[in-house]
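Chemist: Pulled these from Swiss-Prot:
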REGION    1-26  region 'Disordered'
DOMAIN    29-100  domain 'KRAB'
REGION    88-126  region 'Disordered'
COMPBIAS  112-126  compositional bias 'Basic and acidic residues'
ZN_FING   172-194  zinc finger
ZN_FING   200-222  zinc finger
ZN_FING   228-250  zinc finger
ZN_FING   256-278  zinc finger
ZN_FING   284-306  zinc finger
ZN_FING   312-334  zinc finger
ZN_FING   340-362  zinc finger
């Protein structure tokens, strides 16, 4: 048997006593002593899944009090919990009119009033501390209600319940996939994946959803609300997940790596598109000529050949072009831009093809004579000299080489 518990220090009048539960007597335990309450503001901050989990925990806690032998009447709070109402109700508030930290206060109203007010203000600023305060209060309350029947954990008939409660091992298994859940509400929500049930409908467009949180996210489309702003650029998003993905553009995070070339990407769809280079996959086919393409953008550009679409007009002369590259090349006619200079003589050209044709003038006479001899009296393709064939107009006018004799 373990060592006896040290006695609590006696309360001195005028001083704040040690934090204990509401009642110092072990037998005077009510559901309000171990329940957690939320204010209307705190309740609004909870997501639907968190509210469902909270209801399950409160129902379970109320049932455990009865299993421990405490005669506890069913409070109105439990009736509100069992109704699974999403809106906050006065039945959900602390029956003593205090915050959820009321179960952890000292003896004496006058001595502990200052600490109680400070505690309530602290919990208002940080509602998550309710969970910590609740755990501390249960640990302080549990030895006071323990009797010799439950003191020895090996002989205690409630030991299995304690083990399951403390470790949260209350599995509810899905009969379809075998996945386990801690609470029946989570299991019921999961089973809609298998059944296809969509009990939550949008009142404006009649779209249906399997979970309430999906409906709430969808309703942002109708309201136009975007409650999640980016702290870096101020752009707003409807969903928290979309904001997290967007922030990768600022952080430079690239969590998706290609297994073939180790390239990294910010988004998974970019990785999937990139991997087509390695696999050779071309999932998009042209309905007119059956050519296949790896990307939808290439297919859209190719289809302009069949449709005759020319979406790029020249702002100077109005001539239209099928591709933006052709428009860019054409606009050099209206400007003095000559971005392709010859490295031999410095002459500039507006097109790269014109530069390549010009550079044949600077070839040695032996190279040009060899090409001229090769094409005389032959019908075969012209041999490649220096990695490239002569320009087309050179083939039709071989007298251009007469300057070399």
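The backbone N, Cα and C atoms fix where each Cβ goes, glycine too.
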Chemist: Which range wins on Cβ pairs under 8 Å with the zinc finger (340-362): 200-222, 284-306, 312-334?
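Modeler: Top-ranked stretch among 200-222, 284-306, 312-334: 312-334.
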Chemist: Just to be sure I understand, if DSSP states are collapsed into helix, strand and coil, how many residues of the zinc finger (284-306) fall in each?
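Modeler: Reading the DSSP string over the zinc finger (284-306) gives 10 helix, 4 strand, 9 coil.
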Chemist: Using a Cβ cut-off of under 8 Å, list the residues of the same chain at least 6 residues beyond the zinc finger (200-222) that approach it.
Modeler: 47-49, 86, 189, 192-193, 238-239
Chemist: Where DSSP helix means H, G or I and strand means E or B, what are the helix, strand and coil counts for the zinc finger (340-362)?
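Modeler: Per DSSP, the residues of the zinc finger (340-362) fall into 11 helix, 4 strand, 8 coil.
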